[in-house]
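Positions annotated as 3-methyl-2-oxobutanoate binding site by Swiss-Prot: 49, 50, 88, 118. Swiss-Prot lists 49, 88, 120 with the feature Mg(2+) binding site. The active site, proton acceptor annotation in Swiss-Prot covers 187 and rests on sequence analysis.
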């Protein structure tokens with residue numbers, strides 16, 4: 001009699017336990033094929049609302065809907081088996097009230113099978129984080145630069161450059177930590193401030209444009225693979241340059257189709273005689 005075993009996914013609790021043990025590795029994923037490629041190498045995959053800009057060509061993440069996040073979350077779940085899957089709560093799906101946040105987050109977990117949700121916000125969202133966590137929904141926090149607030153902050157710029165901003169980041173990070181987040185993304189924050197809050201928080205920090213001292217790092221996959229070239233943030237490193245390779249492959253395909261050299265006989269079905 002054989003016993004079938006399935007790989008056990010990393011959980012939010014296991015991500016939290018990595019603080020002080022080793023750096024946490026994370027990337028974004030939006031589709032099944034990419035999730036399959038990333039899954040063996042990362043601790044958690046974030047189905048980020050950045051998909052609005054990367055996949056849908058939106059100028060900001062504000063236009064992303066809950067239905068979009070759920071559809072892509074389902075795709076990433078199908079393409080992964082070991083990494084913890086976290087899905088962004090999109091703009092407008094949680095800010096109105098903690099009850100609205102619970103309804104949105106519960107729907108995401110029930111319809112995708114993911115392990116946790118992420119939300120942006122500082123001290124003003126601490127009550128919501130506590131409300132979700134106390135009702136069985138793990139939360140990944142997000143402080144510093146908050147892309148969903150781009151319309152009120154005036155653009156994508158690093159934060160922590162004056163005492164007022166530093167005080168806010170400290171206050172926000174502590175509030176979300178105290179509310180029970182299993183980890184906190186720290187985005188676009190000057191290095192000394194990101195380093196400081198990493199040393200003081202209970203939960204791990206996940207840096208993106210923050211500090212190498214953060215407990216982990218995350219990047220948008222299409223950025224680090226050199227696919228999304230609309231703009232390149234200072235904090236992005238291209239670990240590959242796939243855009244030129246893709247362009248060249250499509251050019252070669254087009255040329256072969258026009259020259260009738262593709263498909264070759266080996267790419268066709270023949271009748272056996």
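Glycine is treated like the rest: Cβ placed from N, Cα and C.
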Sequence gap of 6 or more, Cβ distance under 8 Å: name the residues on the same chain that satisfy this around residue 187 (active site, proton acceptor), in order along the sequence.
142, 143, 144, 145, 146, 147, 207, 208, 209, 210
Same-chain residues at least 6 positions away from residue 118 (3-methyl-2-oxobutanoate binding site) with a Cβ under 8 Å from its Cβ, in sequence order, are 46, 48, 86, 87, 88, 89, 139, 140, 141, 142, 185
Have a look at the binding-site residues (49, 88, 120) and report the one with the fewest Cβ neighbours inside 10 Å.
120
Would you mind checking how many other C-beta atoms are within 10 angstroms of the C-beta on residue 50 (3-methyl-2-oxobutanoate binding site)?
21
